[in-house]
Amino acid sequence: MKYTKCNFMMSVLGIIIYIADLIVDIWVSVRFFHEGQYVFGVLTLSFMLFGTLVVQCFSYAWFKADLKKAGQEIQHCFLLLHCLQGGVFTRYWFALKKGYHVSFKYSSKTDSFTEEQIDLHKEVIDRVTDLSMLRLFETYLEGCPQLVLQLYILLEHGQANFSQYAAIMLSCCAISWSTVDFQIALRKSLPDKNLLNGFCPKATYLFYKLFTLISWMLSVVLLLFVNIKIGLFLLLFLWFVGLIWAFKEQTQFCNSKSMEFLYRIVVGFILVFTFFNIKGHNTKCPMSCYYILRVLTTLGILIVFWVYPLSIFNSDYFVPISITVVLSLLLGIIFLIVYYGVFHPNRSEETKCDEIDGLSVQRDCRMKYFLME
């Protein structure tokens, strides 16, 4: 288990995308207010603040739990940094500083490590995995709603300014990057999970997630054009079903009951957009049911849109959008089948860690309760 120079560069790219996405969101909201589109401006800011507030809560809770486990008291400066929305930047600072030291100054060309080196690599990998999960939370709490909103505005007005196009492109990049990056980092942090190695498995997983997400988001936008109340009711209903499933699975991700409840709320929200395995169990049946329901819901939305008389929507857009929805969903399902049939890392029921000088590698990681699929 090694934190490499390539992993370090991925972390650097991650913070670049994070900062760029943040800047563009602020830019878009300011432009909306400047143009007098206050509703869109407020919604853009609301999505951004909601996502970052939830992420700061988890980040601070994890800092507090980790320091308590190490027998240390959390410093007040950490609370202040998180109140000022600087928790993720703080984590990036520690991860990049330690990661640079491990990958460049304290690297080894062999796979044999001393106990001290194992601990250093383990610490960096755990820090990066925490960051990847926080970015995943923010992506689905803020990035996906932002993307739906910007697509709705684009199709409603038939044109958009550069900032809106930039927001759409960066949201797609952030969603794609955080999804794949988390899967890679998570499997690297868990010794009983095989790594996601090679370009083809990563690309297949990326396209599976990206195409199914694009299809679903465009379908939601179409439903919002038909009736905003019906569209919001569907999203709320799907969130509630996801929340019930999280309670049924009795997730054990957080130490405190309040944070576990918040985690289950986030789980329900993410399940509105994509499927993931929240306990590391076999998910063949739940995933099949999820995507069967996704296909039926998408087809239902398209049928409703075909028969519903809608004068505010430019009919010239509907045919290419309908084709995009169907093709994206079809490609997403194909990549899903290929990924799980060909490229999915085989899981062994028992994976023993390599031993260094008779000492076994001990891993106590919160991520053992969460595995995105």
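Including glycine, each Cβ sits where the backbone N, Cα and C put it.
The transmembrane segment annotation in TrEMBL covers 12-32 (among others). Counting residues 6+ beyond its ends, the transmembrane segment (12-32) has Cβ neighbours under 8 Å at 38, 40-41, 44-45, 48, 88, 92, 96, 131-132, 135, 142-143, 146, 150, 161, 163-164, 166-167, 170-171, 173-174, 177-178, 181 in the same chain.
What TrEMBL lists as transmembrane segment is 38-63 (among others).
For the transmembrane segment (165-186), the residues of the chain that approach it from at least six positions outside its boundaries are 10, 13-14, 17-18, 20-21, 24-25, 27-28, 125, 128-129, 131-133, 135-136, 138-140, 143-144, 146-147, 150-151, 154, 193, 195-196, 202, 205-206, 209-210, 213-214, 274, 367, 370-372, judged by C-beta separation under 8 angstroms. Annotation comment: TrEMBL describes 165-186 (among others) as transmembrane segment.
Annotated transmembrane segment per TrEMBL: 206-225 (among others), in sequence order.
Feature annotation from TrEMBL assigns transmembrane segment to 230-247 (among others).
Annotated transmembrane segment per TrEMBL: 261-278 (among others), in sequence order.
Annotation comment: TrEMBL describes 290-311 (among others) as transmembrane segment.
TrEMBL lists 317-342 (among others) with the feature transmembrane segment.
Counting Cβ pairs under 8 Å that are 6 or more residues apart, the transmembrane segment (261-278) and the transmembrane segment (38-63) reach 3 or more and are in contact.
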